[in-house]
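Straight from TrEMBL, the features:
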DOMAIN    12-103  domain 'Clp1 N-terminal'
BINDING   E18, K59, S128, S129, G130, K131, S132, T133  ATP binding site
DOMAIN    125-344  domain 'Clp1 P-loop'
DOMAIN    367-438  domain 'Clp1 C-terminal'
REGION    450-497  region 'Disordered'
COMPBIAS  450-469  compositional bias 'Basic and acidic residues'
COMPBIAS  470-493  compositional bias 'Acidic residues'
DOMAIN    497-545  domain 'Clp1 C-terminal'
Amino acid sequence: MTSGPPEQTFLELEAGSEWRFELEADENIAVRVLSPDPVFINSCELPPATWYPLYRHLKSSLYAPKPARIEVAPSLPASQYTSTSTTQPQLLNLHLALERCRILARRSAGPSEGSQAGPRVMILGPPSSGKSTVVKNLVNLALGSGMGWTPGVIGLDPSSPSNLIPGTISLSTPSIPLPTHHLAQPLGSPPTSIPSNTLSADVPTVGWWLGGLEPTNRNAEVWKALVSSMAQKWKDRCEQDKLALNSGLFVDTSSAFANPLLGTKKDDPKARYTLVAQAIEAFDIDTLLVIGHEKLHIDLSRLPTVQSRNMAVIRIPKSGGVVDLDETYRETAHNFMVRTYFYGEPSLTKEMGGLMGRMVSLDSGGLHPYSFQIGWETLVVLRVGEVNAAPSSALPLGSSRTLSPTHLSRVDPSGPAHVVRLLNTVLAIVSVSAEDRIVPEKVKTEPKVAEVKTEIGDGDVKVESKGEGEGGEEQGDGAEGEGEEAEEEDMEEVPFKEEIGTREVLGFIVITGIDHQKKKYTVLSPSPGKLPSTVAIAGSIEWVDSA
């Protein structure tokens, strides 16, 4: 018995309304526009008369500025509704104001960089306020204006990075509107994941590895170093590309930025929003966009950095369609992001494949990750920051820590504690050159001279000098012990400069196994072949391929 064609449902959307949906774990749908007037998803126009796939767990909405008719297959989601209460008009008004700034920046003939810079907007808000969605809408509105803009997109939210693995902060420069198909890559796909002939918006992306899902007081110094490195990269780009400078910048931030005490040091307990102020200065932000939170809007307006720079602080309402995300959903999203990095975009389901008509294709045949073994001595695994050092309580009484906040520590996999910490851990591969290596200086020590007194007679004493090497068998045992200590010290010593810990990453691998007898790691790489570098940075991000 053959099954019939998938059931299809038609929806009529009023002018200025949104069709909102929340897909469950077993729901995959496709939509297509049947009316002449356009329909948008996050300000990206759906291709007319073409099926647009939407995958499980996705929570989003379609906006129709004019009356429209859409078709949904194979069936309507369990959770879906239409609403005329939308924030799209406010976002459009904001876009028009930013567009004016970009046009004025392009027309500016002033020699200074500031007179040519487009709008630089930072979006802030509490958890589940729709920050990434607002960023995506503003980016797509700029890209769809027909002016050829290439705005920079800074992802300062490690839990929802632009195009990369969770735990990363990123800088991307999209040139075509960003689609919305699934949970992974909320601001476009990296060029390595899928072929460029699909409509999934390949985005040149550079990433920096934090190794955690949000900035904290313990990793604040590492965070500041990463942001400074990213800001310098963006400045270098703007010096070479005037269009990028005119196009401006959008900064998506972590919800931790809403905490006024984040990054506050003990020596300056009254400081507030330290990491926000540092990002404002690093990226030369001129506009703060606060979503919904009135107190956050007032606090940021009073921030000395904001007042001294005469910045605009704008508050927009939170969309009624924003869904409060729990930890289970966030964990599902993180696992899907990592899996997509290694295995590529999800393929079309059987129901979608049976639909009649054109389909926006994301199926690249899948990526083929490569699993192989590499020796402990070959792959150097490091951790960055003071958070990985021994606690201050373990130091001798009266002593203080002298380690740099961005110091490197090498992970020794021989201990059972390290095995637990390394298994299923995501590693970021970083580039290392000959200039990054530290050549240990061999300190030559003079042999100790021992004085031996011998009585000659008549009360005279003869003093003889005896080198330590002449002590016979007992000294030989001591030398062997010293050699073992030196070897242990060499194993713990990191032969690289600290700067590599805050450098942009080349890619990611996962440790899927540890062989103690052979002293080898089993790692999963997104592609076969030699690793671009054998120096990797570990964090707290773990992933188990359970699909």
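Cβ coordinates are placed from backbone N, Cα and C, and glycine is handled just like the others.
Residue counts of the domain 'Clp1 C-terminal' (497-545) by helix, strand and coil are 5 helix, 26 strand, 18 coil (DSSP-based). Around the Cβ of S128 (ATP binding site), the number of neighbouring Cβ atoms within 10 Å comes to 15. Each of the binding-site residues K59, K131 was scored by the other Cβ atoms within 10 Å of its Cβ; the lowest score goes to K59. Neighbour list (E18 (ATP binding site), Cβ cut-off 8 Å, at least 6 residues apart, same chain): S61, L62, Y63, A64, T82, S83, T84, T86, Q88, G321. Mean pLDDT of the predicted structure over the domain 'Clp1 N-terminal' (12-103): 95.
Long-range Cβ contacts of G130 (ATP binding site) within its own chain (separation 6+, distance under 8 Å): I291, K318, S319, V322. If you compare every pair of Cα atoms in E18, K59, S128, S129, G130, K131, S132, T133, the residues listed for ATP, the longest distance is 19 angstrom. Of all Cβ atoms in the shown protein chains, 22 besides its own fall within 10 Å of the Cβ of S129 (ATP binding site).
Within 10 Å of the C-beta atom of T133 (ATP binding site) sit 24 other C-beta atoms, taking all shown protein chains into account. With a 10 A radius on its CB, S132 (ATP binding site) counts 20 other CB atoms from all the protein chains.
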